[in-house]
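Enquirer: According to Swiss-Prot:
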- 17-24, 88-92, 142-145: GTP binding site (BINDING)
- 8-290: domain 'tr-type G' (DOMAIN)
């Protein structure tokens, strides 16, 4: 079966934004104009097509990124048909992992900002993640019809707060209730969309007289930005004072794909203005899979290899999301980087080192699907029938094995105990948690050995609320939820040498293991490092991994209060063995004993997770909010002025002090303030707090 759309006409994009910037409405309009969705789904009716989990429809926020395939021929039918695969990403701070996971498989992104509130804390997080994966992006400043909307102010914030070179390719005509359309700064014409047919048709008009000077100044800025793409263009621009429309577009596209500039558009998705032009910009300025560098991976011989976006290359794909569907079971969303995959064929999971067979392949449209015979380089689809695959695994061809770059997932910072309400719920709860953990790598499940309670950990209170909610709805499991627990950690601040000796003689064969370890603090975030410095075979080579294992097991259980130990460098430098009595078990125990003894002498400290908190509040409540943050041991780092008498407070606060903050903040400010928080780092817990925690756990 030949390819239906050439790969040059593919666009794999994500739509990313802050919680209330209007991203889902924007996606809905995209589906409407591309002819897929006949009735526009409004978020405030709970009818949006991409928000297909029930909780999302209730909360009006997007949690899981559904992948949707659509086609676009241009606002004026000026292009040959392009295939646009859209990954809808969540905007809530507890779900940044979903965003990161989607950005990983995209070639470009549309970042939506609210015209009134501009660059918000979460927008900065998403922007940083897009920078990390070098995703070319364009900006859509939405909600231009809202009170306080100001396109140029948002562009300025993108330049100052996000440090991006932002080049507007449009200018709004009017704002707030007078917002009527936009000026295309490349064509230098005004665009007015027809309200009678929900913006399906439009007309080009002359630029309103009062905006001519402004538009010309911005057009000049845009042409200069285009001219900087190459020396030839710059020479032509300096000689002739202008460039052709085609030259401008080609140059802006090249600079966008190189991540040198970010183009900005504006509109109001809700009022059906501007989204059509964003789709044109996606086609004209964002990359096709062949325009971005080939993905890198590691082959069987630990050598770096590349996989180009080519149907004739060996098959390689990345599983970036697992979802449970009530009708077909597990859906594995994959991005195909190279080669071809046919339904019913076998694939090799190079991370798990297992072979699997793909049952069916489906292309998703928000919540319905079409069956496909095959997928090719550049495609995003869902595979049915894969049992062992988890997020981040690579699927490849058995003869050309490769592991594509693994995704790094953050450690969860909050834990709660859950217990089933009845015996019937108990068995179902295990299955439900197992499935949810397979879908979401930032969610962990474990059993507390002492109390045999089931503990679930995640990125924030909302994250765990939704997990508990999904257990109830999707799996019919009723459970009681305990009080949230903070994920404390331990580390050492001093260096020390310690001996671990395990000897047992009780008739017959004994046990003998003896090691000397040097413990020292490692750099923050560097984790555990084991160095083998044994010379002359005083500890035989085959027992060294056992020493390492013993140390790691002791690290999991801590030395002060039973919390895992972070950032320690351990050097095994001496020891001894017995020809008959030494074995792996004995050295494992010796390693564990040596570490425990050394860590207790190496100035051990308790670490607590600290969160980066941003509170947006009306000015008259600022004193109360700051006072409350100080009482919570918060460190105020700075304040910014928002729009219309709003203050934005930046603080670092220990997580243990933030439980129930949402309710307290609401009552202190009559519901007018909002906050966002994300994990920042671990810091030493104050002595009085550390003492109380250690005593409560001993």
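FYI, residue positions are counted from 1 along the chain as it appears here.
Keep in mind that glycine also has a Cβ here, set from the backbone N, Cα and C atoms.
Please go over these features one by one and say how buried each is and what sits next to it.
Expert: Secondary structure from DSSP puts residue 17 (GTP binding site) in a beta strand.
Residues belonging to the domain 'tr-type G' (8-290) score a mean pLDDT of 82 in the model.
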Enquirer: Which chain-mates of residue 144 (GTP binding site) that are at least 6 residues away have a CB under 8 A from its CB, listed by sequence?
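Expert: Once residues fewer than 6 apart are set aside, residue 144 (GTP binding site) is near 115, 151, 172, 175, 179, 266, 267, 268, 273, 274.
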Enquirer: Report, as a single number, how many Cβ atoms besides its own are within 10 Å of the Cβ of residue 17 (GTP binding site).
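Expert: Cβ-Cβ neighbours of residue 17 (GTP binding site) within 10 Å number 29.
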